Amino acid sequence: MGSKVSVEESVRVVIVGGGFAGIAAASQLKSFGIPFLLVDMKDAFHHNVAALRACVESGFARKTFISYKDSFHDSFKQGKVVGINLQTQLVILESNEELSFSHLIIATGSNGPFPGKFNEVISKDQAIQIYENLVEEIQKAKHVVVVGGGSAGVEMAAEVKTDYPEKEVTLIHSKIALADVQLQPSVRRTVKEILLRKGVRLILAQKVTNLDQVTPNVAQENMELQLDKDSEVVNCDLVLCCIGLKVSSSSYRSALGDKMAEDGSLIVNDYLQVQGHENVYAVGDCAYINEPKMAYYAGIHARVAATNVRNSLIGKSLKSYIPGALSMLLSMGRNDGVGQFNGYYLGRCFVTMAKSRDIFVSKSWKEMGQTMPR
């Protein structure tokens, strides 16, 4: 990944957050031989891109949680970051422990509802069991409703209908077009066609008004979802929520509140440095960049930031990150998909081969230097 460099003893990069951006930054710094400490409140990386497959396939969840300690050893610290002191260059944990840094990479990611995101601070084995429990709930249900028709929502609906074609599956979305707004119209049309071909019922341009009164992820008979138009009611026995993604900003809000955009992400320059702080970088979902918040881009950000840490230490020019044409692959179940790469449409065969079969989990196990369980 990169040649090792000689650095002073005072150099230590602290990476806050162990999502896709965090593990990519850690792996890159490790290859450079630059001392780092990856900090996350959980004990394992969660491959949330593959979380939707873990909802329908028993045994798949154990492939989506990868131990930090087994990859990064003493360069990993489990703990919740509650503050950052930029003057003294300290990261403060909930336990009151202070971690010194010469450089800081903020990779806190985003939060959202289960099952697309998993935010509980429990052990890897307990987390895996929660997904296994959801598989059982989906198996029990006769009518599954997915709320939210963005990228996660359309993938979730496709996963359920692909593995359980006999079940009634309904997708409710507040807009007319499905998936990410920045995708080409042809890709978004294909998403709709795939769902309809699979037999998913689509309710578009409508919102659920009583979602806070419904228990998601648990199968129970005669649940009623109220829609905001025509007083329509949808009866179902399982609700899966794929809405409400928010940037995780609590760890840096007090220190960098004046550098935050409206959505809570951090304003960065072309080198991914936080505005006004040459030794502080923001990558992934918490970086304010005009592109969708995706694991693919998070990894690229992280490698650019890690490279810039190295370059700053050895006197080389910093590397710029300039967003290009959108690249996104949508897995529509294990046997279908659609997407685009650098603006070019990608059809079923390519996306199925590239993503839909294992949702890139093997790539993350390889990046973290571990063997994926079978």
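Note: Cβ is positioned from N, Cα and C throughout, glycine not excepted.
Site annotation (Swiss-Prot, ligand 6-hydroxy-FAD) includes Gly17, Gly18, Gly19, Phe20, Ala21, Arg53, Asp285; from Val81, Val82, Val309, the additional listed residue is Val81. Binding residues for 6-hydroxy-FAD (Gly17, Gly18, Gly19, Phe20, Ala21, Arg53, Val81, Asp285) extend across at most 30 Å, taking the greatest CA-CA distance. The CA atom of Ala21 (6-hydroxy-FAD binding site) is located 36 Å away from the CA atom of Lys167 (N6-acetyllysine).
Arg53 (6-hydroxy-FAD binding site) sits 16 Å from Lys167 (N6-acetyllysine), counting Cα to Cα. Long-range contacts of the transmembrane segment (13-35) within the same chain: residues 1-7, 42, 45-46, 48-49, 68, 71-72, 75-76, 81, 84, 91, 99-109, 248, 251-252, 283-286, 295, 298-299, 301-303, 305-307, 309-310, 313, 364, 367-368, each at least 6 residues beyond the stretch ends and with a Cβ under 8 Å from a Cβ of the stretch.
Taking Cβ-Cβ distances under 8 Å and a sequence separation of 6 or more, the neighbours of Lys167 (N6-acetyllysine) in its chain are Ile138, Ala141, Lys142, His143, Val144, Val160, Lys161.
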